[in-house]
Amino acid sequence: MEGASFGAGRAGGAIDPVDFIKQPQTILRVTAWIFSIVVFGSIVNECYVNMDSQNAELLCIFNENESACSYGIAIGVIAFFGCIFFFVVDLYFQQISSVKDRKRAVLLDLGFSGFLSFLWFVSFCFLANQWQQTTMSSGFTQGADAARAAITFSFFSIIVWVALAVKALQRYRLGTDMSLFTTDQFAADPNAAYPGYPTAASGIESTETYQSPPFTETLDTNPKGYQVPAY
């Protein structure tokens with residue numbers, strides 16, 4: 001990961017769409033976005049089923065535990081909008097001129113990714129546990145594949161969000177390259193001394209650069225009309 005400030009170059013630089021799409025961070029965000037759709041889409045569409053044809057009430061397929069379905073949907077929706085938000089932040093990150101604002105964006109990304117990793121871990125454990133306790137019936141069989149998909153992609157989401165947290169941590173560790181604020185007037189080495197007066201080869205200051213005071217060559221030591229008194 002290269003860049004001058006938290007993984008990005010100077011503010012206002014041009015963004016290459018192809019390079020942006022090829023970035024590992026962008027690929028991970030799109031992958032996490034797709035996984036979130038699979039999880040909450042599977043639960044909403046197929047994980048609410050009837051136990052039998054005579055009962056019209058829809059029950060959560062995960063051991064008839066409404067909390068399990070609600071939790072999976074909530075985490076999926078949060079991850080869905082979170083991916084969109086941080087995708088936009090990544091897109092305009094190089095346009096942020098303030099180093100402090102860049103630091104806040106990276107820290108927010110790090111905290112959110114770490115938090116989502118934990119929530120997805122809880123979701124995977126919760127859904128898997130409730131699925132193991134589910135008593136399969138004729139009504140629940142039709143949503144079994146969707147339930148397994150929600151559990152599987154919850155596990156995959158843990159990996160993706162952990163990877164996003166690691167990428168954010170790497171960007172934070174890059175910090176800011178203070179060489180952006182140097183100019184040609186200063187030496188590249190911060191410990192180098194400022195240039196002094198020109199010196200000769202022997203190390204003694206050269207006097208060739210100095211000139212005689214003006215008008216000294218034309219001065220007359222005995223001005224006309226003036227006599228030196230005799231003592």
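Cβ atoms are placed via backbone N, Cα and C, with glycine included.
TrEMBL annotations: computationally assigned, not manually curated.
Now, the feature entries from TrEMBL:
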{"type": "DOMAIN", "residues": "20-173", "note": "domain 'MARVEL'"}
{"type": "TRANSMEM", "residues": "30-51", "note": "transmembrane segment"}
{"type": "TRANSMEM", "residues": "71-93", "note": "transmembrane segment"}
{"type": "TRANSMEM", "residues": "105-129", "note": "transmembrane segment"}
{"type": "TRANSMEM", "residues": "149-169", "note": "transmembrane segment"}
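Non-local neighbours of the transmembrane segment (71-93) in the same chain are 6-8, 15, 20, 23, 25-26, 29-30, 32-33, 35-37, 39-41, 43-44, 47, 102, 105, 109, 112, 116, 119-120, 122-123, 126-127, 150, 154, 157, 161; each lies 6+ residues outside the stretch with a CB under 8 Å from one of its CB atoms. Note on the transmembrane segment (105-129): residues 6-7, 39, 62, 68, 71-72, 75, 78-79, 82, 86, 89, 93, 96, 147, 150-151, 154-155, 157-158, 161-162, 164-165, 168-169, 171-172 of its chain, located 6 or more positions outside it, place their CB under 8 angstroms from a CB of the stretch.
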